[in-house]
């Protein structure tokens, strides 16, 4: 008997990726976030498409077009709330996915890890240009502050900033091009996610123990399709109440006011998922230094495979490294909190200490912990 999914050229690829894929038998719920990110991406693309049908990317009508979507379009309020809060769930899954990769040593699949870091940067860029589109106060001033960082680049900075703006400040041309970027970038994210998956299936999934799982694998379907379906339900559990009952909980009240270049908000800050990076940017008094620290805080992920010193892949049996990992997680939460606070003492010094600890943990302490654990496990007789 010919089984269509095993012979048809297209179905065969899907079959090898999602049905007959051999998967380790012991992967935990931490491995659910990959599929959840895929689902988040689909939700964002679909809701975004329907929003784009009614949105106008002109400075004089952008704000009112968003109000029109919420008031006059059938279920427009729901589509917008799902899109805005779906972004928050997307980043929550993204951070947990990266955290799991660091904890269990998944970064040793270098190709998968590197394309993943590029994916993270692309998603961050997509979210940034998307936040500008409603053309509220925080949208406008957020765009002004972040794009102005380009002017910190020596020699070409000012020219580069004006090139991105399409003028001498954030204005109509900027909004139009940001809408174009926000429309095309999800397609690039989808393509890169496919490459990410392609590289992953070259090696197979890692597992909590970090040991080669080839001797004990099970088919992806039905075991992990059921597990991913449960993960989806648990994702919808916070997303739907958030979108239906308190959709503006994670937003900024300033964004309910139309953009006004003559009136600066008292505290300019991005969405919660960028606060850690914003805190790093603000913690350094020098403009160029802040920009470099901001870039380094994300790009440092690319060198994590080179800093792996342990004989064991996973942190599952490495208590010293585990402790440092959770200090790093707490440190990132501290940076997120600092990013939302005004630029005054004691927040400035807390932010500066947190950024020093962040780089110290990744570059020095965690590699040293790996070497120490190797030494402790060596037989001494």
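In case you wondered, yes, glycine gets a Cβ from its N, Cα and C as well.
Of all ranges given (12-32, 33-53), Swiss-Prot attaches the label transmembrane segment to 33-53. Counting Cβ pairs closer than 8 Å and at least 6 residues apart in sequence, the transmembrane segment (113-133) and the transmembrane segment (288-308) reach three or more and so form a contact. Proximity of the transmembrane segment (320-340) to the transmembrane segment (288-308) is not established, fewer than 3 Cβ-Cβ distances being under 8 Å for residue pairs spaced 6 or more apart. Contacts between the transmembrane segment (178-198) and the transmembrane segment (33-53): present, as 3 or more C-beta pairs lie under 8 angstroms, all at sequence separation of six or more. Distant neighbours of the transmembrane segment (226-246): 29, 32-33, 35-36, 39-40, 78, 81-82, 84-86, 88-89, 93; these residues of the same chain sit at least 6 beyond its ends, with a Cβ under 8 Å from one of its Cβ atoms.
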